[in-house]
Amino acid sequence: MKMYLAHGTLMMIGWGLLLPAGSIIARFLKHRSKNGLWYKLHRGIQVMGLLVAIIGWIISLTQFNVFGDVGFVSYRHGICGMVVMILGCLQPINAFLRPHTPEVGTKRTTGRIVWEYYHKGSGWLAVLLAIPTIVLGTMSLPVVDDMITFQIAYGVGCWGCLLVLIAYIFYDKKMYVEEVEVEEVAAFKEKQDDDDDGIVVVEQAKPVEIEA
């Protein structure tokens with residue numbers, strides 16, 4: 001029974017919290033690109049999440065025989081879990097093989113475009129497929145109290161943390177845009193104050209564009 005709880009806890013932390021959080025950061029925190037902040041957070045969180053999930057995967061492969069009960073919840077959970085883990089383990093490999101990021105003002109190469117579609121697509125596929133996999137996992141627990149506890153932990157705990165993260169990122173993005181606009185207006189006024197001829201040309205600050 002301890003192995004069930006250990007496996008479930010590790011997988012919930014990895015695929016229920018850390019790996020989705022890292023994916024959300026990569027998708028919505030691009031405005032914090034100074035010093036590669038969003039990328040460092042994404043990479044660090046994904047590495048931690050995948051390591052935790054791999055430990056949980058090893059437990060399942062060595063301690064359980066979910067493929068022996070064809071047609072049952074545990075069997076479906078095992079199939080989905082294998083697909084999710086294979087997709088997850090491929091991510092560091094294709095990340096290592098990624099083409100160089102194009103310099104500012106240059107177009108992305110075909111190889112870079114293909115890589116981005118594959119990396120992002122397979123990553124989000126794994127994260128989304130992990131949702132029903134975790135739900136099936138909670139349903140396969142032999143003790144009802146443990147099943148309810150894990151479902152509450154996943155539904156309230158993990159999803160609550162992810163929603164808070166999303167809300168904070170959008171708030172941070174709004175504040176960032178306002179800060180940049182204020183800095184642009186201040187720089188423009190300072191430039192006009194230094195103009196020797198005293199002619200002030202009023203220009204509207206350009207809206208800040210954030211990479212998707």
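For all residues, glycine too, the Cβ spot is worked out from N, Cα and C.
Here TrEMBL flags 1-175 as domain 'Cytochrome b561'.
Summarising the annotation, TrEMBL assigns transmembrane segment to 6-26 (among others). Away from its own ends, the transmembrane segment (6-26) comes close to residues 38-39, 41-43, 45-46, 48-53, 55-57, 59-60, 63-64, 81, 84, 88, 123-124, 126-127, 130, 133-134, 137-138, 141, 150, 153-154, 157-158, 161-162, 165-166, 169 of its chain (Cβ-Cβ under 8 Å, at least six residues beyond either end).
Annotation source TrEMBL lists transmembrane segment at 47-68 (among others).
Here the transmembrane segment (74-97) has long-range neighbours at 11, 15, 19, 43, 46-47, 50, 53-54, 57, 60, 64, 66-68, 115, 118-119, 122-123, 125-126, 129-130, 132-133, 136-137, 139-140, meaning same-chain residues at least 6 beyond its ends whose C-beta is under 8 angstroms from one of its own. The transmembrane segment annotation in TrEMBL covers 74-97 (among others).
Per TrEMBL, the feature transmembrane segment maps to 117-136 (among others). Below 8 angstroms of C-beta separation, residues 11-12, 15-16, 19-20, 23, 73-74, 76-77, 80-81, 83-84, 87-88, 90-91, 94-95, 98, 151, 154 of the same chain, each at least six residues beyond the ends of the transmembrane segment (117-136), sit close to that stretch.
The transmembrane segment annotation in TrEMBL covers 148-171 (among others). Same-chain residues lying 6+ beyond the ends of the transmembrane segment (148-171) with a Cβ under 8 Å from its Cβ atoms: 8, 12, 16-17, 20-21, 24-25, 28-29, 134-135, 137-138, 141.
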